[in-house]
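Engineer: From TrEMBL, for reference:
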- 216-250: repeat 'PPR' (REPEAT)
- 251-286: repeat 'PPR' (REPEAT)
- 287-321: repeat 'PPR' (REPEAT)
- 322-356: repeat 'PPR' (REPEAT)
- 357-391: repeat 'PPR' (REPEAT)
- 392-426: repeat 'PPR' (REPEAT)
- 427-461: repeat 'PPR' (REPEAT)
- 462-496: repeat 'PPR' (REPEAT)
- 497-531: repeat 'PPR' (REPEAT)
- 532-566: repeat 'PPR' (REPEAT)
- 567-601: repeat 'PPR' (REPEAT)
Amino acid sequence: MISLGLFDLGIILVMGNPKKLGFFVATLNKVKATSTAHSSLPYFRNPSSIFESGNEICYPKTILAHFYSTSSSNSQTQDNHTRPMIDKITNLDDALKLFDEMTQRQPLPSVVKFNQLLQAVIKMKHYSCAIDIFKQMNAIHIPVSVYTVSIIIKCCCLMYRTREGFAVLGYGFKHDIPPNVYTFSILLNGLILEDKVLKAEILFKKLIKEELCEPNAIMYSTMIKGLCKCGNNNTAIALLRLMDKKGCKPDVVTYNTIIDSLCKDNMVDDALKLYKEMIFNKRIQPGVVTYSSLIHGLCNLCRWDEVSKILKEMEQKNISPDVQIFSILVDALCKEGKVEEAKGVINLMIQRGKDPNVVTYNSLIDGYCLRGEMRKANEVFDLMGVRGLVPNIVTYNSLVNGYCKKLKIEEAMHLFHEITNKGMKPDVITYNTMIQGLFQVGRCEDADELFHEMRAHNVIPDEITYGIVLDGLCNNKKVDEALSLFHLKGDNKLNLNITVYNILIDGASKSGNFDIARILFDDISVKGLQPDVMTYTVMIGGFCREGLVREAKELFLEMEERGCPPNNVTYNILLQGILKNQQHDMVEMLLQEMEGRKFSPDASTLSLLLGQIATRSLDASLIKLIGKTMPKEEVDCPSFTIKLHERSLWFGQIHRFCPPFEKLIGCVLVVWINYTIDPFQLMPLILRR
């Protein structure tokens, strides 16, 4: 008898102990030899035959002695009687009663029937009960097969207890029941379910290297699923190539797995290449799942023409879009702000006999909420009830967010309480939205109370929650409280989040505590973090507010050197600081850089620039440079022409004085019309030109 512990015996493949692995291989070969000696009891069969014919992989003679003590004809009669009873099982009590009855029969039904009973229990998701039945089978010495062992391993894995699954594998070896490719595939899937993809990869490689079993299409597909789950698309594709090389033909499910993963990572072009390979090289026909992934990926990138082509291709192949595809289209259109088009898609799906589900209507509600159209959002909410659909927490979160964005906090709070009244629980998104809304209207005490209530109800605050609370406190001039919360959390994820530092630095700087802002900025490098463009921009703004323009310029140059190029906001903040402090040496250079990077001055910057040109603090020659930085579409857009007519009196006067500079005047007028600059500032500016 093997003395190795059950778990050790099962886990050695994963742990990688060479001595134990050698012992395992020797044990496996010994069992194989035993199976070969009894030629009527073949060791390996295709696992699919288990499902197709009910045949079982057999095991050594010592275990079979009791099982075959009665005639096969009597056993067959018992099996024929048992099968209809198993098919009629609808609840656990019936299954347990049938098990008791089966154990009392003489002769015992075959192990096939016990396995079928176990499968029936698993289908009802009573995994623990299936394991208890297995234990009772062992207690009364009912023989088991490799398929029985595999079923129990599957139970452990489905309960996220793969470690116990390896113990069952060890039990199999101890009782001379070696695993097959089906057993190992279950264990691989269990590790993947628990996000232990690296361990699954190690096990898979050992199985191949030690020739413990020959991977089949199911095993390859399982590993590909795991690799895609952790975003390792390149290795998944490499495994697909190996699979093909080894003669295991991938099916549509294998391709769908990789295509979906690529689309989720916005690698849609690679997904389309694989899609074409599947059709033209492998002659595998795509299904609705394939198209669903591609459409989702293309929608996320707003590649609407290609979405249209895919839909036409589906129509040509007589593949009708399902509810999921329609829902993807609705969601993508709503996120683009095309809510009425999304509503049209819903009407189309109803015409085609596809009933919109909660997900579909949630997208439409969210679309209306993002546009601030709460009346229409509530109409859709009411329509869900009419169609017999029950709103879920996602529905309520969208509505709460919509009201908070419109600063209608009482309506949002009413919905927040309705969630619990409906028997649902607010999640972290609900709390985050409500807390942010309360801070936005200055109700800091209510926000703080809700923050504490959240934790009391076992809803764990995430990094977004803490960011909202810190930002809310800073915006309401409660920087000391924000800093206390930050230091209270100690050295955890909160203190290793650059966004949190940005919030605190900005809050401290704007509240007149720039010394604290500088300490926090220095602390970033101590914690091993890298400042991002927001960090630098906030600090540059702080230096400018304090009149430390030289330090602001130095930091501006430093950020570029450190591989963090400034963005449009950074340029505007620095320009405003320079202009407010009447230090004009870098203005022209910054405007030239902005033109080169396709950036443009914002309203505040333009107002300062034109104001200082009008008062002759800046040279009027900068007008041309300012004009070059103005977006062409802003000057040429129809709304500009309309606004021009509205101010025709001023335009007429300016045009009369300066007809050669009409285009340049247009740029200046954009500033005046769009940003409400005093028109009297413009007259001396134009006249000097």
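Note that Cβ sites are derived from N, Cα and C of the backbone, with glycine treated the same way.
Whatever TrEMBL says is automated annotation, not expert-curated.
Keep in mind it's a predicted model, so treat the numbers as computed, not measured.
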Engineer: With a Cβ cut-off under 8 Å, give me the same-chain residues at least six positions beyond the ends of the repeat 'PPR' (567-601) that come close to it.
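Structural biologist: 533, 536-537, 540-541, 543-545, 547, 549, 552-553, 556, 559, 608-609, 612, 617-618, 622, 625-626, 628-631.
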Engineer: Which residues, given as numbers and ranges, are at least 6 beyond the ends of the repeat 'PPR' (462-496) yet have a Cβ under 8 Å from it?
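Structural biologist: Distant contacts of the repeat 'PPR' (462-496): 428, 431-432, 435-436, 438-440, 442, 444, 447-448, 451, 454, 503-504, 506-508, 510-511, 513, 516, 527-529.
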Engineer: What are the DSSP helix/strand/coil residue counts across the repeat 'PPR' (427-461)?
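Structural biologist: Summed by class, the stretch gives 26 helix, 0 strand, 9 coil.
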Engineer: Would you kindly list the residues that approach the repeat 'PPR' (287-321) from elsewhere in its chain, counting only those six or more residues past its ends and only Cβ-Cβ distances under 8 Å?
Structural biologist: 252, 255-256, 259-260, 262-264, 266, 268, 271-272, 275, 278, 328-329, 331-332, 336, 349, 352, 354
Engineer: Just give the helix, strand and coil counts over the repeat 'PPR' (532-566), going by DSSP.
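Structural biologist: Split into helix, strand and coil, the repeat 'PPR' (532-566) gives 26 helix, 0 strand, 9 coil.
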Engineer: Please list, for the repeat 'PPR' (497-531), how many residues fall into helix, strand and coil according to DSSP.
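Structural biologist: Per-class counts: 26 helix, 0 strand, 9 coil.
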